[in-house]
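First up is the structure itself, then whatever we jot down about it.
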Amino acid sequence: MSEAVTRVQVGGTAGTDPYEVLIGRQLLGELGTLIGEKAKRVAVIHPEALADTGEALRADLAEQGFEAVAIQVPNAEEAKTAEVAAYCWKALGQSGFTRTDVIVGVGGGATTDLAGFVAATWLRGVRWIAVPTTVLAMVDAAVGGKTGINTAEGKNLVGAFHPPAGVLCDLAALDSLPVHDYVSGLAEIIKAGFIADPVILDLIESDPEAARTPAGPHTAELIERSIRVKAEVVSGDLKESGLREILNYGHTLAHAIEKNERYKWRHGAAVSVGMHFAAELGRLAGRLDDATADRHRTILESVGLPLSYRYDQWPKLVENMKVDKKSRGDLLRFIVLDGLAKPTVLEGPDPAVLLAAYGEVGE
Ligand SMILES: NC(=O)c1ccc[n+]([C@@H]2O[C@H](COP(=O)([O-])OP(=O)(O)OC[C@H]3O[C@@H](n4cnc5c(N)ncnc54)[C@H](O)[C@@H]3O)[C@@H](O)[C@H]2O)c1
Ligand SMILES: O=C(O)C(=O)C[C@@H](O)[C@H](O)[C@H](O)COP(=O)(O)O
Ligand SMILES: [Zn+2]
């Protein structure tokens, strides 16, 4: 018997089409319905690590009568390149993909970012469905319609806002995820806790060791709460004209680190260091109380996320941060907290304060 399915609605305001995020188990039966009757062809974009899943999905869709192709892409950030996007476009062209056909992105956030970007750009936009298979992709990447790829100059510099037609979070997928990747996803869950839903922090703090695995007692609740935070924010501001920037908490430094590491670090690990930095920045800018700033350190450390990065890299990180999407002209902008669950923008902080905050993070 299948377990209960939770449905979270996203969008439906300001002229955007609403869609649902489904959270549960054995959800793949929903895929055919979501794809719809208008589609003749379906392309399943999946990473190498999920070759079997990708092929099983393709075969199942073929059995349902679709002309289904599987497009295998590299694992992780190696998939988020212009070359891999071009490879996908070629596969779509060769299979005669039209505007009524549908892309399915199955994998972690790197795969769903790429699949969504390919869907946004093919024929100027076709429908796509996200099937996230990492905790990070479930709680963040697959929801909200930010799609994109990296360039040598920076993280996610090319992309489009192109929401999916639906998101299927099958919790069973998490069982095969290496612990390192599971824990990396906790960074975005903790982010949702600090910016909007402190119950998330309480649940993790009640048993940090258990929070490190999908078998933990609060897994489904942590995932659902984080999705609800994201859904509420992006429903109010799809294109990041204001409110949505709060989802970038910790990301200004995180993306600078990822670029500096040539995209070999996991995103969640970089976000962890980035949130530690943002907390210290908030504290030194006189915005954030000591207890909440210290709480960042303890909770991130308790689940095994990193807090530090190389001190000598600061000048390069500052250069990298200049292309952050929140920058305006020469003005660096950061999301900081005025208090727990009170995110705000800090514009053009004094370089001495920035360096002092990094002094707490650098090793
Ligand atoms: N669009 C957004 O709003 C948004 C939000 C947050 C993060 N992101 C992006 O998401 C990406 C990070 O995503 P991620 O943390 O999911 O990493 P990832 O996509 O790089 O996946 C990590 C690794 O796990 C493998 N994998 C995926 N599912 C698996 C499973 N069930 N079992 C075993 N292996 C599996 C992948 O192939 C990869 O090797 C970054 O590129 C980040 O920029 C986007
Ligand atoms: O959805 C958003 O908006 C976010 O900022 C969520 C982030 O977790 C995510 O990493 C996003 O891809 C970052 O976006 P970017 O615009 O800074 O590239
Ligand atoms: Zn992120």
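Yeah, the Cβs are placed from backbone N, Cα and C, and that goes for glycine too.
What you are looking at is a predicted structure, and each value in this text was computed from that prediction instead of being measured.
Summary of the site annotation: TrEMBL records Zn(2+) binding at H251, H267. Screening the candidates E188, E347, E360, E363 against this entry identifies E188 as the one listed for that site. Residues within less than 8 Å, Cβ to Cβ, of T134 (NAD(+) binding site) and separated from it by at least 6 positions along the same chain comprise G107, G108, G109, A173, L174, L177, D181, Y182, G185. Once Cβ contacts within 10 Å are tallied over all protein chains shown, the binding-site residues K155, H251, H267 are led by H267.
In this structure, the C-alpha atom of H267 (Zn(2+) binding site) lies 13 angstrom from that of D113 (NAD(+) binding site). Straight-line distance linking the Cα atoms of K155 (NAD(+) binding site) and E188 (Zn(2+) binding site), rounded to a whole number, equals 17 Å.
The full span of the recorded NAD(+) binding residues, G109, A110, T111, T112, D113, T133, T134, K146, K155, taken as their largest Cα to Cα distance, is 21 Å.
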